[in-house]
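Shown next, in structure tokens, is the structure this report addresses.
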């Protein structure tokens with residue numbers, strides 16, 4: 001797990017530092033709108049105060065959102081299932097309602113001009129689909145690699161809980177039967193559920209933080225208070241809800257405490273880091289330059305594909321097909337309501353951001 005996690009973090013850090021350099025290095029070529037360098041000194045000072053306030057507001061919202069499910073809820077309770085459903089709705093709406101339309105707008109902008117070599121081809125859908133496929137392959141190959149590594153290291157047994165709550169071990173290729181439940185478990189080459197949850201959570205966070213940096217930059221380069229005010233409120237709630245969704249996944253994956261804090265900090269700091277980057281390049285940055293549109297468009301499309309795939313395949317489907325949900329109409333209805341509530345509230349935020 002350590003190597004896989006380090007790869008994701010390294011990719012994100014590379015992206016975080018390279019993105020503003022790519023954007024700022026190409027601003028002189030831009031012919032569609034000017035930079036954000038206008039305005040009096042007093043206006044700039046007021047705008048900067050709002051941006052600094054946004055930095056701390058969004059940071060607190062992110063920390064609060066991601067920590068509540070991790071440290072405030074028991075993963076075995078019915079309420080935690082409802083929280084997971086709400087979180088899945090939030091992540092699903094983030095992909096469909098927030099990120100995908102932004103990517104489409106960027107990659108079909110008239111400001112691309114002759115720079116757009118794909119013409120009328122639906123590039124956003126292609127990138128989102130490719131990202132979803134790659135996500136599935138990463139999950140599959142990472143799970144297989146980790147499982148094979150475990151077997152090669154001589155760990156050929158996995159714990160199995162019995163009806164009497166005693167822990168036994170089942171060997172590869174054998175079948176273990178629960179007499180009290182009347183069913184059996186086959187080959188243990190299938191990865192453990194908690195191992196898969198850890199991989200899912202890390203890939204999910206990668207998709208979320210890419211989008212968080214981009215929306216942070218959009219706030220950081222905003223030139224006026226009238227633009228910043230609605231963005232501030234919307235992005236604060238956006239990070240709160242998104243953090244809640246990610247926190248539920250982190251809690252269920254049962255990481256070590258050190259890795260939990262790394263993931264909490266990685267999520268919480270990305271949008272504020274984006275704001276800092278935006279403030280730094282605000283004088284030269286133009287969001288309508290061809291390079292800026294391409295970079296944000298492709299990254300948003302990829303993030304949308306990741307979040308849509310993972311919310312449906314890794315969050316919604318397992319939750320609703322869970323034995324606990326299937327055996328109780330009340331739990332099923334409550335999970336359905338929570339899913340719709342999460343998706344609805346997150347979709348509503350699209351009115352402002």
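Using N, Cα and C of the backbone, Cβ positions are placed for all residues, glycine too.
The region 'Disordered' annotation in TrEMBL covers 157-186.
Positions annotated as signal peptide by TrEMBL: 1-25.
Here the transmembrane segment (48-72) has long-range neighbours at 80, 83, 87, 216, 219-220, 222, 225, 228-229, 231-232, 235-237, 239-244, 246-248, 250-251, 260, 263-264, 267-269, 271-272, 275-276, 278-279, meaning same-chain residues at least 6 beyond its ends whose C-beta is under 8 angstroms from one of its own. According to TrEMBL, the transmembrane segment annotation covers 48-72 (among others).
Feature annotation from TrEMBL assigns transmembrane segment to 79-101 (among others). Sequence-distant neighbours of the transmembrane segment (79-101) (same chain, 6+ residues past either end, Cβ-Cβ under 8 Å): 69, 73, 124, 128, 204, 208, 211, 238, 241-242, 244-249, 251-252, 300-301, 303-308, 310-312, 315-316, 319, 322, 324-325, 331, 334-336, 338-347, 349-350, 353.
The transmembrane segment annotation in TrEMBL covers 121-142 (among others).
Summarising the annotation, TrEMBL assigns transmembrane segment to 203-225 (among others).
The transmembrane segment annotation in TrEMBL covers 262-285 (among others).
Annotated transmembrane segment per TrEMBL: 297-321 (among others), in sequence order.
Residues or ranges marked as transmembrane segment in TrEMBL: 333-352 (among others).
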